[in-house]
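A short worksheet on the structure shown next.
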Amino acid sequence: MISKFKMTVFAAGLAAAGLYAGASQAEDYNIAFFAASSQNGFNQAIYEGIEEKAKELGNVTTEIYDGQFNAAHQYSQIEDVLASGKFDGYVVMANDTVGIAGAVEQLVAAGKPVVSTLFPIGPDLTTLDPQVEGLTSTVASPPADGAKAQAQAVVDHCKDRDPCNVVIIIGQLIFPFDNLRYEAFREVLDAHDNIKVVATGEGSYSPDVSLTAMTDILQSNSDVHVVLSNADQHLVGAEIALEAAGYTVPDLYLSGGGAANIAITAIREGRWDATLAYFPKTMGSMALDIVVKKLKGEDVPSSVNMDEVGPMPFIITKKELDASPDFVGEWEQ
Amino acid sequence: MTSVLSSARIARFFQTYAVLIMIALLIVALSLMSDSFLTFRNLQNILNQNAPLAIMASAMTLVIIGGGFDLSVGSIFAVAGVSAAWIALNVDPFLGLAIAPFIGLALGTMNGIVITTLNIHSFLATIATSMVFKGVAILITDGRLIPVRIAEFTWLGRDKIGGIFIAVIVMIAFAVILTFALNRTSFGRKVYSVGGNEEAAILSGVRTDRIKIATFAIAGMAAGLAAAISVSRISMGQPGAGIGMELQAIAAVILGGTSIYGGAGAVWRSIAGVLLLALINNGFNILNADPFYRDLTTGLIILAAVGISASGQRR
């Protein structure tokens, strides 16, 4: 009888412990994503990755905040959301990688895990090492490395051509990350005498602006062999301008950036040649995973180089796509 | 006495044609600096690239002459553009292009009704409606682009008739129609009277509300037409397209010499204002000039144009 009683108590104790452990595992986490803009395909894809991971983990809820491509707005937003005390951790895609550091320091000071995506936070865009003390992790691609690889692919393409005339369409040179990419392009290309950068235009991440810039550039440059850009959106406009000027686009070397679906299709069709890969959904998923692991007290990496962990090599060409026929871009542009 | 008269005439000439003088100076300078500038192909490209903005600025001229401001045309451009792309993709490419101006017309009419019914300044009213329209464009697309790689969709933005881009022909036809409406019809005279002295216009029996609604409706329709051309050219609907175009259109109108206070102005002036801004941009691209100097140069040239005009007024 006593032993029966003891067994019952023991079983009840085990059940209670099990319930407690279950409750501990199922602790709910509320995570905020500060998007550079919520009305942007790339940011939305990051958030899709965050949502998918949250669903997979089961005990995580998420919310997205719209930074409206406005650095000051995003800074205030972070302060307001922190004051609400509603969230356990944060994922940030900064509009101003330097200016936002003050707001991120406040998040860190509150003892919350913070992960930066796409760009590092701090003045040095060439390193993924945390520049804000206490920042949990940076999940990003170093801008200069990708740009150098793109330019090196141009060098390889041009090796039997002299001169090899290159047009660069860059986002906006007032953006530090675009300036860095442009300098990386030039550093590689200018080291080769057969390569002539005949013109540089600003595309402002808009097909329309790129179309105008490329049309004008083609007025004074009649023999273009390569269009090198940091964004697939720019190639959409450049391609239209080239066709209008009588070029057979597949004969040229076109390299963009983003691995948006439109670029994947164009490369598969042989119209474009390469795109520097970005995997926003994977990036968002990894960022959320790191925040949750940190909340659970697990070890997390201080940085994740997306060029090394993406589902495809970071320069995607037809060769890679032929080898992965089911691959689709992680965003729509 | 004769010399005073002639110097006054010269001053008036400079004041009246400041924007044309600046355009002439820029053309001479760019022709000397680049062999590629003064070619038929380049000049036509400039017109083609800027046809959407010129159409919007032409219609904005009527709004400003009528004493109003329309800060929502950029958002109307976005709504009409993404609607055109969506309809082209899901229904019919021609219908997509054809419907865009009517969407613009409907939204512009809504603007006019809001302004006249609530009796609020058009500046404030169109800031509010621009946010509403921008939100609609984002809702239609879910914030994404709508690629329309259909050959039947690109004719308006890319094809030519008789060696001239269709977009340029549409732009010229639209500007001619508006010029006729302003200068040769009672509607045009009423637009000037509403902007010049609304009270006097009311006392003269002009139904000023109807005139205002009409000017905003035309501005909306122009934004829709401009969107159809633009979305056809790049074969893609973008919810973020048109951002800032309202300010570019207003800047072109004022730069051309139309009075910011209403009651005076002309459509050709706004087209000239668009061309002046376009030439600067084209020059930078053709000369492969450092883009860091673009804003500085644009600002200085605008200041010069406004300065010439103002110096005439002082005399």
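Quick reminder: no glycine exception, Cβ is built from N, Cα and C everywhere.
Bear in mind that TrEMBL entries carry predicted annotations, made automatically and left uncurated.
Listed features, source TrEMBL:
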type: TRANSMEM; residues: B:12-33; note: transmembrane segment
type: TRANSMEM; residues: B:53-82; note: transmembrane segment
type: TRANSMEM; residues: B:94-114; note: transmembrane segment
type: TRANSMEM; residues: B:120-140; note: transmembrane segment
type: TRANSMEM; residues: B:161-182; note: transmembrane segment
type: TRANSMEM; residues: B:213-235; note: transmembrane segment
type: TRANSMEM; residues: B:247-280; note: transmembrane segment
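Counting Cβ pairs under 8 Å that are 6 or more residues apart, the transmembrane segment (B:12-33) and the transmembrane segment (B:247-280) reach 3 or more and are in contact.
Contact between the transmembrane segment (B:94-114) and the transmembrane segment (B:213-235) is supported: at least 3 Cβ pairs lie under 8 Å, counting only residues 6 or more apart in sequence.
Within the chain carrying the transmembrane segment (B:161-182), a Cβ under 8 angstroms from the stretch's Cβ atoms is held by residues 44, 47-48, 51-52, 54-55, 58-59, 61-62, 65, 155, 188, 191-192, 218, 222, 225, 229, 233, 266-268, 271, all 6 or more beyond its ends.
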